[in-house]
C-alpha cells in the first residue's frame, strides 16, 4: 500500500481544509495517509492577535520523516507569490535528506491558497515543485485531467500544476465545493499514480 504524507501550512484554515480533502481523495485511491503540518513561526501572541487558526488538529511534522513516505503532497499558503515562509523554513531543513538522496523517485505534488485570483498561485505552485525536483522527486500535477477547473462562470480553483483556492484579502472566502473536489481529485490521482510507480 502506498504511504502518503499530506503536509501543509495554513494560517487561517483554508489550506487545512484543502489538505483534508486531498487526504480523503488519496484514501479513496488506496493510499495510507498521514496528515501533518509544519511548525508556525509567528509568535503565538501575534498569531492570536491576527486571528490565525491555531487550534489545528494535525500534528507537527519533522523534516527527517519525509523519507518514510512514497508520496508527499504539499499544501501551502502563499506570501507575495511564493510559498509561505513556514513551509520554506521546513523545506530548508531537508539538506540532510538531499545529501543522502532520500527523496529520489518519491512522488510529489503541490496545492496553494492565495488571497486573490492573481496572487501568484501558479508561481508558488511551480517554485514549490522546484524544491521537490532538487530532491529528485517525480512531480504529479493536477493537470487538465481535472476538467472542473475550466470555465469562467464562477471563481474556480485549479491550474495544470496543482489545485488552488482563493481566500480574499480578509480570509472571508472559504474553499468552494469545486476546489475541495479538485483537492480530492489531486489526492486520488497522486495515490493512483504512485501505486503504479511503487506498487
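In case you wondered, yes, glycine gets a Cβ from its N, Cα and C as well.
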- Task: Scan 142-161, 162-181 against Swiss-Prot and say which stretch is down as region 'Disordered'.
- Result: 162-181
- Message: Name the residue among the binding-site residues 12, 98 whose Cβ has the smallest number of other Cβ atoms within 10 Å.
- Response: 98
- Message: Is it possible to list how many residues within the compositional bias 'Polar residues' (163-177) are helical, extended or coil according to DSSP?
- Response: 1 helix, 3 strand, 11 coil
- Collapsed DSSP category at residue 98 (substrate binding site): helix
- What is the separation, in Å, between the Cα atoms of residue 98 (substrate binding site) and residue 116 (FMN binding site)? 34
- Here the Cα-Cα span from residue 113 (FMN binding site) to residue 12 (NAD(+) binding site), rounded to a whole number of angstrom, reaches 11
